[in-house]
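Trainee: What follows is a single structure, and I will ask about it in a moment.
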Ligand code: NAD
Ligand code: MG
């Protein structure tokens, strides 16, 4: 039985991971849980999964959490604040930590888990994108596995099993195209938050759903693929595949192309990250190609979606630039979700902040530099957004 800790347990990735634990109680058990603020759900999860430790990042809510599970015997260790989440990440005999926190907030807990020798089932892509230059050497140093749980990267990782060193030529990331894939570019200026949150294929947290609508999610995944698989940016391409049945493909040196297919269901990549290299038998609905119907592909539209090129450019610069891109995106998306800026302000803000960072760009940053720049980029976005000529004032 594998002992796992789950960060971000109340979110989309978190609750789907717990579905897997519920379905396969002989395979997995929960050592630690952490979430930001949903006391009610976290308390229910503590009752059901009996972790040894749990944390709520919003420290003000710790007393509420303590009261909600006061009758439990034995009592789990309950902690509050960012330090509490870090403690959960490194605690006890968990072999693997599923990182389902959204955003760069996952960076310090992920580092703590790596330093404690735990394998990482990585959903929290922002941590790798912002922290790649410090996270990857730590993964090497502590000899832990960094197992992708993002569906595209899981697909690539699955296809790579058995490919010899040097056999990989190119990665092809598939993209659903997000909420506005069939909307003419002229209409993007006036889309609303509610429109952007209607993803055609996947049900996910709000931030990644907006990232899918801007195609920044795919841009972030290009950088994620570069860090996970060591492939040059010239060898990573994006193809729009509206049905989300092929989760990504790899091209080998002899032009053979391998793909991984399945329904759009995050439980499958999560299960593989947790069971690797084993394959656990499930009773999930098998893929039916006839039912899936036509699988179609088209080129991504870089004019309509500038975020992809912004991400490629930041990835190619490397060092601190992806951290700045990521933080600017997180802040811009938060402003859009709060209806303070318009949809097309998102790429504009990110580009402005990345341009401002050029002069201070560092190739081999320390963790402190990344954390500082993350805060700097957020402040810059707020300052620039405040001056936008927008009908909605910040
Ligand atoms: P979500 O918003 O549904 O959930 C985020 C979770 O993180 C919540 O449980 C929240 O309480 C917790 N959290 C946020 N800040 C925290 C903090 N500082 N400390 C502790 N917990 C904190 O988001 P999601 O859709 O589950 O996405 C999570 C991550 O997985 C993101 O990085 C996303 O890009 C990635 N991802 C998600 C999906 C998906 O299908 N949802 C697919 C691929 C990758
Ligand atoms: Mg993905």
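Any Cβ shown, glycine's included, is placed from N, Cα and C.
Below are the features I grabbed from TrEMBL:
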BINDING   10, 11, 12, 13, 38, 124, 126, 205  NADPH binding site
BINDING   125, 151, 152, 176, 199, 212, 217, 218, 221  1-deoxy-D-xylulose 5-phosphate binding site
BINDING   150, 152, 221  Mn(2+) binding site
DOMAIN    4-132  domain '1-deoxy-D-xylulose 5-phosphate reductoisomerase N-terminal'
DOMAIN    146-229  domain '1-deoxy-D-xylulose 5-phosphate reductoisomerase C-terminal'
DOMAIN    261-379  domain 'DXP reductoisomerase C-terminal'
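Please go over these features one by one and say how buried each is and what sits next to it.
Mentor: In the three-state DSSP reading, residue 124 (NADPH binding site) counts as coil.
When other Cβ atoms within 10 Å of the Cβ of residue 152 (1-deoxy-D-xylulose 5-phosphate binding site) are tallied across all protein chains shown, the result is 27.
Every protein chain shown contributes to the tally, and the Cβ of residue 221 (1-deoxy-D-xylulose 5-phosphate binding site) ends up with 29 other Cβ atoms within 10 Å. Under the three-state DSSP scheme, residue 221 (1-deoxy-D-xylulose 5-phosphate binding site) falls in the helix class.
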Trainee: Helix, strand or coil by DSSP: which one applies to residue 152 (1-deoxy-D-xylulose 5-phosphate binding site)?
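Mentor: Assignment for residue 152 (1-deoxy-D-xylulose 5-phosphate binding site) reads helix.
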Trainee: Please report the DSSP secondary structure of residue 199 (1-deoxy-D-xylulose 5-phosphate binding site), reduced to three states.
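Mentor: SS state of residue 199 (1-deoxy-D-xylulose 5-phosphate binding site) = coil.
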Trainee: Enter the number of other CB atoms within 10 angstroms of the CB of residue 199 (1-deoxy-D-xylulose 5-phosphate binding site).
Mentor: 19
Trainee: List those of the binding-site residues 13, 125, 152, 217 whose Cβ lies under 6 Å from any atom of ligand 1, in sequence order, or write none if there are none.
Mentor: 13, 125
